[in-house]
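Asks: Quick one: this structure, given as structure tokens, is what I'll be asking you about.
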Amino acid sequence: MKISVIGTGYVGLVTGTCFAHMGNSVICVDNDIEKIEKLKKGIIPIYEPELESLVEENYRNKNLKFTVDIEEALDNSDICFISVGTPIGEGGSADLKYVLSAAESIGEKMNHHMYIVNKSTVPVGTADKVKEAIQKKLDKRKSKLTFDVISNPEFLKEGSGIEDFMKPDRVIVGADNKGAVEVMKELYTPLIDDADKFITMNIKSAEMTKYAANAMLATKISFINEMANICERVGADVNKIRIGIGSDRRIGYSFINPGCGYGGSCFPKDIKALIKTAKDNGYIPKIMESVQGLNDAQKYVLVQKVIERFDKDLYGKSFAVWGLSFKPNTDDMREASSIDIIKGLINRGAKIRAYDPKAMNNAKEIFLRENSNIEYAENKYDALLEADALILITEWREFKEPDFDIMAKYLKEKIIFDGRNQYDYEVLKKFGFEYYQIGVSI
Ligand code: NAD
């Protein structure tokens, strides 16, 4: 099938590349010229496992093309995916300026019937706004062209984007006519191993499904973090509680890992947008407000532990930080807990020496603007040199089984604050470490 994808970020680039890899003819368009030039040279602007080789292979096969010219993209496709960003806008709502600008460009440049598929995460009712924006431009051109707007929210996770896209748990399609559903079915059939995984509904329900999914996942995280905070106060161990409740099939183990808060480009903004949508429609979403408030506070739990162990005044103290990205296997720093934690420590006078396998370039852009009390280490052990303690924020695999002898030698004091409960307390005790976790009182 002939597909265009507007926006070559985490979602758009993975979507375009995967569809191309399935044998479709795909043209990806972005208004960031530098990004498109890089992609044409095989330079991938983001880190996502497997993405680089797949882009290279499909670009070479000519299944995948890149352009800044939206007319070229539309002329060479029948289905156009909108996968531009929807950042936080006024009052917490999703800012639709990129989506609507893409829609206007479509209305200005399309030259035949098209299926316009919204993959960006957008509030209920956005498909109508997209329809209106396209139609307005067509009317201005006195064009009689027709088009269908479809909602097809994306559920891939950064860090396993290709795998998630190629083996989806489900594909959600919101459409208002059978023809549109059939086109989507034909496109996705190669990815669906069970017909029940292709779920159709009306457009508003599809738009809402994405928010409901992220709200549920964020709720699970804030729930276990709340249990962790209670555990600390009553002498229980949340690591055991997690196993105790996860073994109940009605609950399950996923998304109940205690930690120092969720981040990323989706959960924080999507929860805010859902709260705004609910309030705009006369409903106070009490669970969502609590989930958000709890998460904001959870980002400071590690800072609080550091203060309790050292002092409010952290002048003269230096801390090693392992992990900066909002989660492992990505270079994405958007809303990462590391930002709040590091700022919290630096504001109290501490110096930071940080290491992350992939996110250091993005981190440099964020922290350089703020201050210069942070430096970046060559590797995880280098980060420990002369540090008063290690603070683990992101659970990259390379931090899971470190050499505790080397760590003991490099650190000034054998202290670990672990924001992701990666280690066994008994093992660390043998090496002489003081070990602080989330949800475990010592
Ligand atoms: P991103 O910021 O990484 O990428 C967006 C891209 O769109 C950028 O390259 C930007 O230059 C381009 N763009 C913006 N306006 C444009 C226009 N008018 N024409 C052409 N290109 C334009 O965003 P992302 O993380 O890929 O997210 C995209 C959407 O998907 C968001 O709504 C997000 O909530 C949703 N989503 C993201 C994820 C994720 O894990 N990142 C997962 C599921 C859904």
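Just so you know, the numbers here start at 1 and follow the chain as drawn.
Placed from the backbone N, Cα and C atoms, the Cβ positions cover glycine too.
Where the annotation comes from TrEMBL, it is an automatic prediction and has not been curated.
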Asks: Can you match one of LYS97, LYS312, LYS317, LYS327 to the substrate site that TrEMBL gives for PHE155, LEU156, LYS157, GLU158, LYS210, PHE255, ILE256, ASN257, PRO258, GLY259, GLY263?
Replies: LYS327
Asks: According to TrEMBL, ASP30, LYS35, THR121, GLU158, LYS269, ARG334 bind NAD(+); which one of THR86, THR189, THR200 is annotated to that same site?
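Replies: Looking at THR86, THR189, THR200, the one TrEMBL places in the NAD(+) site next to ASP30, LYS35, THR121, GLU158, LYS269, ARG334 is THR86.
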Asks: In whole Å, could you give the widest CA to CA gap in the substrate site formed by PHE155, LEU156, LYS157, GLU158, LYS210, PHE255, ILE256, ASN257, PRO258, GLY259, GLY263, LYS327?
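Replies: Value for the max Cα separation, rounded to a whole number: 24 Å.
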Asks: Please give the NAD(+) site's span as the largest CA-CA distance among ASP30, LYS35, THR86, THR121, GLU158, LYS269, ARG334, to the nearest whole angstrom.
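Replies: With ASP30, LYS35, THR86, THR121, GLU158, LYS269, ARG334 as the binding residues for NAD(+), the largest Cα distance is 24 Å.
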Asks: Rounded to the nearest angstrom, how far is the Cα of CYS266 (active site, nucleophile) from the Cα of THR86 (NAD(+) binding site)?
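Replies: Between the Cα atoms of THR86 (NAD(+) binding site) and CYS266 (active site, nucleophile), the distance comes to 9 Å.
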Asks: Quick check on the binding-site residues: of PRO258, GLY263, whose CB has the lowest count of neighbouring CB atoms inside 10 Å?
Replies: GLY263
Asks: Would you mind sorting out which binding-site residues among ASP30, ILE256, GLY263, LYS269 put a C-beta under 6 angstroms from ligand 1?
Replies: ASP30
